[in-house]
Each structure stands twice: as C-alpha cells, then as structure tokens.
Amino acid sequence: MDGGLCFDSWSDYLGLSSLISRGLQPRGEGENPSPRWNVSCPAPAEPLPSKEPEGRGYKGCGFCRSNKEAMSLYSSHRLRSLDGRVLCPVLRGYTCPLCGANGDWAHTMRYCPLRQLLRNPQSPRNGQ
C-alpha cells in the first residue's frame, strides 16, 4: 500500500501536541499569566447565581461541589460573580493547559473556549 496516500491515525496532522506542550511549559518570573491566544471567553457555563446567595435553591460553588469538596467549603463561596468573574479560590488557582487562562477567567479544559473553537470551527462556507 502507498505510504503517502493512507491516513495515519497516529500522525499529528494539526500539530496539536506541540500546541499543548507549549501551554504546559512553566512561565518565567514576571511573565504575564494571561492567555496566549486572543480568544474571548464565552458566557459562564453555569447560570449566574442570584444576588442573594442564601436564597432559595442556592447550593454553593458548583465547581467545588462537583469535585466532592466538604460542604463547609463549597457553601462558603459562589463559583462566579454577577459579572462572570471566577470567585472560587480553587478554580482561580487553576491554569488551563490549553490557553493559559487563570484567575478571573479560569476554567477547566472542558470549558476552554479554545477547545470549543477547535471542536466547532466556524469557517465560511462556499466563500461566503
């Protein structure tokens, strides 16, 4: 069989391994920890909490709760502020290995806007 005409499932055609490796490299001192790509963050994955955190239905931080943290921890804070910034101290300390986001705009790989763009590229069709 012709080696040049076959699809090799083990080949990294898009160069994603080097992209991820660059995202996993430690940053130097004084280097800005902001994302390396110009990707705007989408709306929060979870609905924003009401202004009254103790209101009916409030269950605390969804991130900590889903990671099975103690109730005393997850009920002590909200995941996001009303303007969408991350409040959870655990998530704020996490850095996305794909885009480098952390702090106010921290997210896990599952909610990374870069991952979502790679999964659903919105390229123009038929030259439009």
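Glycine is treated like the rest: Cβ placed from N, Cα and C.
According to Swiss-Prot, the feature region 'Essential for its translational repressor activity' maps to 7-23.
Residues or ranges marked as region 'Disordered' in Swiss-Prot: 23-56.
According to Swiss-Prot, the zinc finger annotation covers 60-114, on the basis of sequence analysis.
Positions annotated as motif 'C2HC 1' by Swiss-Prot: 61-88.
Under the heading Zn(2+) 1 binding site, Swiss-Prot lists Cys61, Cys64, His77, Cys88, citing sequence analysis as support. Here the Cβ of Cys88 (Zn(2+) 1 binding site) has 22 other Cβ atoms within 10 Å, regardless of which shown protein chain they belong to.
The motif 'C2HC 2' annotation in Swiss-Prot covers 96-112, and the record cites sequence analysis as its basis.
Classification of Cys96 (Zn(2+) 2 binding site) by DSSP places it in coil, neither helical nor stranded. Swiss-Prot lists Cys96, Cys99, His107, Cys112 with the feature Zn(2+) 2 binding site, giving sequence analysis as the kind of evidence.
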- Using all protein chains in view, find how many other C-beta atoms are within 10 Å of the C-beta of His107 (Zn(2+) 2 binding site). 22
- Message: Cβ atoms within 10 Å, counted per site: which of Cys61, Cys64, Cys99 has the most, among these binding-site residues?
- Response: Cys61
